[in-house]
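Straight from TrEMBL, the features:
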- 1-20: signal peptide (SIGNAL)
- 90-210: domain 'Nose resistant-to-fluoxetine protein N-terminal' (DOMAIN)
- 228-255: transmembrane segment (TRANSMEM)
- 348-368: transmembrane segment (TRANSMEM)
- 388-408: transmembrane segment (TRANSMEM)
- 428-449: transmembrane segment (TRANSMEM)
- 488-510: transmembrane segment (TRANSMEM)
- 517-538: transmembrane segment (TRANSMEM)
- 572-590: transmembrane segment (TRANSMEM)
- 602-624: transmembrane segment (TRANSMEM)
- 644-663: transmembrane segment (TRANSMEM)
- 675-694: transmembrane segment (TRANSMEM)
- 706-730: transmembrane segment (TRANSMEM)
């Protein structure tokens, strides 16, 4: 039972990140960026491996260890030579390999380093550690000098090339995958990246038993760095355009800033006293925002050297890209009138929750001590991580609430008139450019930015190359996870789809509240029913937090969790309830403000806190080690998101009505304001930050909660740092351009 539970931990972690992870298969390490089906299959294979190792008898274990000790670089040389001789079209490859093994001395020489970089048997075999990486950097850093042989042929003049030899270890009825890092000359060019040995005669050189237990040999080499593709060049050019515009806009602002300082200095030296206009910090603040100041003071006219006429005309355009202006706006911690300060804290903490969950999820494929994960995560407190998908429901709630809140504000000022065409255009323009830039960067440029045993090949992800248009139209969540480009973008598709249908609800609530209530009730009832029917029909597990499911085989459970992901987790008709709760909350607060209601009594507040806290805690921890029938699991899946959203809605309500006390003070902390502005970009880039670390690793990770906390804090800081640069260069300019165009159109 414990292995099934460990397998569920792996699947929950994978599914909760909504994007596949690189993993090692049973036969080889292959990078499949966003193939959810393969990832779940590989997770099943890894936990099955741990289970098999613990079922092997003691004599067989010692026999296995004795055989594995034979896998040294020197013992592998005959096998590698035979593989390459039979499969590689280049004679130089085999000659260079033989040249390597003939030059193992002196110690510390290039030949010894090449052999030393080979993987050796490692500790933790019983914990599933049959993936031995070797030393990647030592391998690729080797250079073999050129040499002419007695037959006048040339050998050497090559560098090390990191490869992975995978074999299958057979013990009775058990088959175990073994991956061994090796180092070959880069003159070897395996066809299509793989070399397959059909006849296993090479294994007569390895092992100590009369009947070798190793079969199914495959050799996979890391591809060399290739030239940028046409798509990568196009993305680089696009990024360069943004950087150029940011440079020009910033230089214009900097020029005007220092020109004003110089004029003010001349004014003081000429008149003998300071002007009545703002100086120092005030001048800095004004000039960095492009304010003009040519007003006369005490008979002295301060003139700033003017820009060329054509540049003056286009200055508003370039100013949209100014990093000084955009940076000041992003980092501003002041609470403007009409802001809802507590929402900044909720937004930042929700994304932090996402990142900590992803930290645990992404690491699964790189853990050395797989068998030790279950005791570490099968705890009551770890349910916060296991149920991390509620963090996305927090975003859906905030999105629905803010949309409705702003709609009612605008409708009240304009007598119900709302520019619906701009309503949609603004939303699309606000989200899409930086989203597509991230997608293009991640798909075309990112593969060239690192190296290592886990680093992907230098090629465009097949899903993104073929299905990127689905992301552009925000419909990618309607397709199978195996076809998804940028796996975590399913949330953006859902949010956009909710936004598209929201005017139906908002207009009804504004004009005919009874009809609006009816639509809200009908949609809530519909999504609840759909969740229940799908869960009951396909016998889906309750949420993602219940480890104790059934004693079915791992392959069966993998199918159940993939069904959950494809049928419930990513679909708008199953995830809309928090969005609807947010709209209902916004309308209630609008009507409450209209009627000038006073504060709630202490009794009402106490009961509200008890109920909301109880609901959220039940959603979060109620399934721990709980056996449930199909009917119970279906009811849970039908109501859990609505209940969680209701509990969080209470927190927003009391904070915005001035009754939140210390909770409101914490959530309204000023530091959360700029962090909240960066949340969208941080959500887009944080998986790329994580992949950069994990794919660059040269050794497996020792899992522990302390290590995960360190990783989480690093990912959090780096993600927001990258998000700041992304917003500064790409998101903020587009937002300001949208506003500039809108102002121009309204004036005309």
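Positions of Cβ are set from backbone N, Cα and C atoms, glycine also.
All TrEMBL annotations are machine predictions without curation.
Listed as Cβ neighbours of the transmembrane segment (388-408) (distance under 8 Å, sequence separation of 6 or more from its ends, same chain) are residues 16, 340, 343, 346-347, 350-351, 353-354, 356-357, 418, 491, 494-495, 498-499, 502, 505-506, 509-510, 543-544, 569, 575-576, 578-583, 585-587, 589-590, 619-620, 641, 644-645, 648-649, 652. Touching of the transmembrane segment (644-663) and the transmembrane segment (572-590) is concluded from the presence of at least three CB pairs under 8 A, sequence neighbours closer than 6 excluded. Confidence in the domain 'Nose resistant-to-fluoxetine protein N-terminal' (90-210), given as mean pLDDT, stands at 78. The transmembrane segment (348-368) makes no contact with the transmembrane segment (572-590): fewer than 3 of their CB pairs lie within 8 A, with pairs spaced 6 or more apart in sequence.
Sequence-distant neighbours of the transmembrane segment (572-590) (same chain, 6+ residues past either end, Cβ-Cβ under 8 Å): 392-394, 396-405, 407-408, 412, 477, 493-494, 497-498, 502, 505-506, 509, 516, 520, 523-524, 526-528, 530-531, 534, 641-642, 644-646, 649, 652-653, 656-657. Sequence-distant contacts of the transmembrane segment (706-730) (same chain, at least 6 residues past either end, Cβ-Cβ under 8 Å): 242-243, 246, 321, 323, 326-327, 330, 352, 355-356, 358-360, 363, 433-434, 437-438, 675, 677-679, 681-682, 684-686, 688-690, 693.
If you look at the transmembrane segment (675-694), the same-chain residues 6 or more away from its ends with a CB under 8 A from one of its CBs are 17, 19, 22, 330, 343-345, 347-348, 351, 354-355, 358-359, 362-363, 365-366, 431, 434-435, 438, 441-442, 446, 449-450, 454, 487-488, 491, 711, 714-715, 718-720, 722-724, 726-727, 731. Long-range contacts of the transmembrane segment (488-510) within the same chain, counting only residues at least 6 positions beyond its ends with a Cβ under 8 Å from a Cβ of the stretch, are 17-19, 392, 395-396, 399-400, 403-404, 407-408, 411, 416, 420, 423-424, 427-428, 431, 435, 439, 471, 474-478, 516-517, 519-520, 523, 569-572, 575-576, 579-580, 583, 587, 683, 687.
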